[in-house]
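Lifted from Swiss-Prot, the feature list:
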type	residues	note
COMPBIAS	1-14	compositional bias 'Polar residues'
COMPBIAS	58-75	compositional bias 'Basic residues'
COMPBIAS	247-263	compositional bias 'Polar residues'
CARBOHYD	N673	N-linked glycosylation site
CARBOHYD	N676	N-linked glycosylation site
CARBOHYD	N686	N-linked glycosylation site
CARBOHYD	N696	N-linked glycosylation site
TOPO_DOM	1-508	topological domain 'Cytoplasmic'
TOPO_DOM	617-625	topological domain 'Cytoplasmic'
TOPO_DOM	741-761	topological domain 'Cytoplasmic'
TOPO_DOM	830-854	topological domain 'Cytoplasmic'
TOPO_DOM	1019-1117	topological domain 'Cytoplasmic'
Amino acid sequence: MQSGTCESFQSLSHQRNDEEAVVDRGGTRSILKTHFEKEDLEGHRTLFIGVHVPLGGRKSHRRHRHRGHKHRKRDRERDSGLEDGRESPSFDTPSQRVQFILGTEDDDEEHIPHDLFTELDEICWREGEDAEWRETARWLKFEEDVEDGGERWSKPYVATLSLHSLFELRSCILNGTVLLDMHANTLEEIADMVLDQQVSSGQLNEDVRHRVHEALMKQHHHQNQKKLTNRIPIVRSFADIGKKQSEPNSMDKNAGQVVSPQSAPACVENKNDVSRENSTVDFSKGLGGQQKGHTSPCGMKQRHEKGPPHQQDREVDLHFMKKIPPGAEASNILVGELEFLDRTVVAFVRLSPAVLLQGLAEVPIPTRFLFILLGPLGKGQQYHEIGRSIATLMTDEVFHDVAYKAKDRNDLVSGIDEFLDQVTVLPPGEWDPSIRIEPPKNVPSQEKRKIPAVPNGTAAHGEAEPHGGHSGPELQRTGRLFGGLILDIKRKAPYFWSDFTDALSLQCLASFLFLYCACMSPVITFGGLLGEATEGRISAIESLFGASMTGIAYSLFGGQPLTILGSTGPVLVFEKILFKFCKEYGLSYLSLRASIGLWTATLCIILVATDASSLVCYITRFTEEAFASLICIIFIYEALEKLFELSEAYPINMHNDLELLTQYSCNCVEPHNPSNNTLKEWRESNISASDIIWENLTVSECTSLHGEYVGRACGHEHPYVPDVLFWSVILFFSTVTLSATLKQFKTSRYFPTKVRSIVSDFAVFLTILCMVLIDYAIGIPSPKLQVPSVFKPTRDDRGWFVTPLGPNPWWTVIAAIIPALLCTILIFMDQQITAVIINRKEHKLKKGCGYHLDLLMVAVMLGVCSIMGLPWFVAATVLSITHVNSLKLESECSAPGEQPKFLGIREQRVTGLMIFILMGSSVFMTSILKFIPMPVLYGVFLYMGASSLKGIQFFDRIKLFWMPAKHQPDFIYLRHVPLRKVHLFTVIQMSCLGLLWIIKVSRAAIVFPMMVLALVFVRKLMDFLFTKRELSWLDDLMPESKKKKLEDAEKEEEQSMLAMEDEGTVQLPLEGHYRDDPSVINISDEMSKTALWRNLLITADNSKDKESSFPSKSSPS
């Protein structure tokens, strides 16, 4: 027993390859030859080109039946020449075999792969106690082990396997018992069938059959089980669910698997072709002639009563259950040492259908696979490693699919060989296998392993060059008047109701509260600046009213309700220029503005009618990122600028002398040389300077009367204010830091997942709430948010409606079309660039977009605001990006150690609608809003600007300038584009961004939209500096007029390649060239040449000779 590493596998040789378990649905098949019939190969081409073909079609059935006969014929041919499966044709690699297996079409749903939960149980013997199976490890995606103390699970980690254990596992599958598509209802039936097969094949002596059966039926102890198993009523209900689902005609709610009825279970045929389904003969003579084959209701009851009582009420780990995907099935690995065995017992079982076996798995889901490995004492660690190997294989994406679709043991062996062909070996002298490897953040796709190679040496589904991100049907010209708008309405109308029902989530509440605070301040600030520029004709109350009305209409009827409307800098510049022009020429500002607004709305509607939004496809990532980066930088810059401006309103004494604090004072005195404006204001107010007691005035009174400040505690224009500026700085940076920290709280190690998720969703709102409470508690008079308290126009000489002509000459209505053209470009570019950024494919939006409908709503509301004398509002880039980021959906069901998958965005209309409804109601909430410090809102602006920069490729490329090549991240474009070309692309983009910034902050800001439009032409000129392939990786490809013709040509070429195949047989591309390419090897053949594998085979051959001299005691069935 101790003579060799492989001695425990002596009995494996008794099961020959020709003694396969018979699949219940018919023939087996082999893919060891590469000369496939053309009809066969056609059934797999659909997989190669990635087209999903529904299962169960008539053609599929006919082709599958035909293929089954040919597979059986090939089986016989293969078995005659390759009996033990040790050698295969040199031109047939495991990858080819696996790709053929995965291309098989099945007539039922039993072989459709499901997610798998794998559990490793080992049998434990203790003195004075009954043996039991103890859970030692589990896999959903990564391995988790029960720690040595037995009290807790380890952190998930990437399983590292020894090559020796993988070879031993291959030997187990190759020589052990393989039972595929077994029909069974209970674990006892499974054990009966496995042991019957073992005995009939001479792999197990009949005199120990009963003891092995008893060992398999021992109770299972799982890590989550405690001594008191009936403390929680809900646990008992789960056990009851499991109990009911194992009864006849019941359905598993988790996996949707029907449990087999009480009909006599079908089993595999033995070598005498005696069907288990039609016979109740004694397969269990080793158990004293007891009847095991026939299952009567009475027998079922007796077995149930014999089962361990704790399985009825065992606990279920509800937290772990949430991580298991719906429809998942279980794979149970049972390994251990039995003192009465002198040979190893190995079995691989696939159940059909999956059955819920009470107490076997840690969680109540149906079991699909079982792997049993029992052997003599002294090899426990070896068995454990083999169990880990098969469990890890079951979590491998490719072998997992092979296990579901395998028709015989050779398919399973091919799956193992393909896995060995893909593994990475760590040198033993440079790595400690006991070190647990942390799960990676991003797991590479395994699709390439499932796809065959094509003649040019690339994969059929290899990495395709990325194409433009905005070439969908939404941007195709219809050639009809308002054709694009009609299609937008048809596209969005079916989702209108779901846009409201999908908002029933705490995430939407968090997004709404956060963005309400974020939107309020810029709207009020914009209104205040507009009031200063227009002498109060349009101010804060008009800005609030206009934003609320426009936002509500857009959120209800817009094509992309995730877009948030707001005020923009170029609009403010335009308003200043227009007001100055009207004042110089004596024109009515509001009337001329109404005329310009109506012309702008009309021009935008004409753009909608002519499908002009289709031009958006020329706005590539180059333009998007330059525009978005500029807006983000403006947010950051203005947040810091507002903070610095507080130093003027709240100055500090930079030359303090602590010894002279008792002499510090600041008094208000009469100005020595009052200005003419001051004297005029005094006369109009009937104020005499000599009558004023200047020393008794407050700071606000002294400032309003234009008094002067005198004293050591006085600044240039104001008294020094203690603490306010420094406190504002603390509030500002505390807001930024706390917002970022709480947003990342979802990935922290503290508190349960639900708590972390809620804190992350409400991060900014909680930050604002905390800062308001702290500011209120400290009591320092920091500047607060000022909201108008009365709903009426700022000036009494204007109403809520403005006539376009008014007192202006009639020709001004016609002349207004000239500035309206500029405004139209401004509105169109701002709106559509933001919409393009929101609608990018990376956001995985499912309800479609509506560029034409968006522009129509903005145009209509712009006309309404013009008539009512309200500010114009258009898509706000940073607010919209922040809105999208706050509504990101991640998979709730992720395996331990696996990063949650990004699923998309919660697309709905409610958050935007509620933001603007509450904004309009803010006039009635001034008593609450007056407690919000302005530095906190400035901090929120900085956080929004900085967080919106994440994911912008432009800034990732800027970082590359200061990184050595060996430390650069593995960006996909760095693999395909030379670094100097990447830097050149970045420099050009930085130059354009710098030019935009200069124009934005200068008096030429009115032409800012024209410069954004010019970026499109700059991008077009870059075609002369970069190849098309380089631009496809660095940027989106520009659309071309011949694109459709090129696509048609590619399709014709693909069809011609398929037509070149002969009518007879089709040969795989590697045939005839395999030996010419030394880089291509057959892992199965190369493995058979290794000393390790030969040692295993020699041991197996010796075992055959030994067993031939000691025939099995079992009688033939």
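For all residues, glycine too, the Cβ spot is worked out from N, Cα and C.
Residues near N696 (N-linked glycosylation site) in space but far in sequence (CB under 8 A, at least 6 apart, same chain): none are found. Here the topological domain 'Cytoplasmic' (741-761) has, by DSSP, the following mix of helix, strand and coil residues: 16 helix, 0 strand, 5 coil. In the topological domain 'Cytoplasmic' (830-854), helix, strand and coil residues by DSSP number 16 helix, 0 strand, 9 coil. N673 (N-linked glycosylation site) and N686 (N-linked glycosylation site) are 19 Å apart (CA-CA, integer value). N673 (N-linked glycosylation site) falls within neither a helix nor a strand when secondary structure is assigned with DSSP, and so counts as coil. Across the topological domain 'Cytoplasmic' (617-625), the model assigns an average pLDDT of 78.
Taking DSSP states H, G and I as helix and E and B as strand, the topological domain 'Cytoplasmic' (617-625) has 7 helix, 0 strand, 2 coil. Counting same-chain residues at least six beyond the ends of the topological domain 'Cytoplasmic' (741-761), those with a Cβ under 8 angstroms from any Cβ of the stretch are 319, 506-507, 510-511, 767, 886, 947. Within its own chain, the topological domain 'Cytoplasmic' (830-854) is flanked in space by residues 469-470, 472, 474-475, 482, 484-485, 487-489, 491-492, 495, 498-499, 554, 557-560, 562-563, 568, 570, 608, 611, 613, 616, 619, 623-624, 627-628, 874-877, 880-881, 884, 902-905, 907, 951, 1009, 1012, which lie at least six positions past its ends and keep a Cβ under 8 Å from the stretch. Around the Cβ of N686 (N-linked glycosylation site), 6 further Cβ atoms fall within 10 Å across all displayed protein chains. Taking a C-beta cut-off of under 8 Å and a sequence gap of six or more, N673 (N-linked glycosylation site) has no contacts in its own chain.
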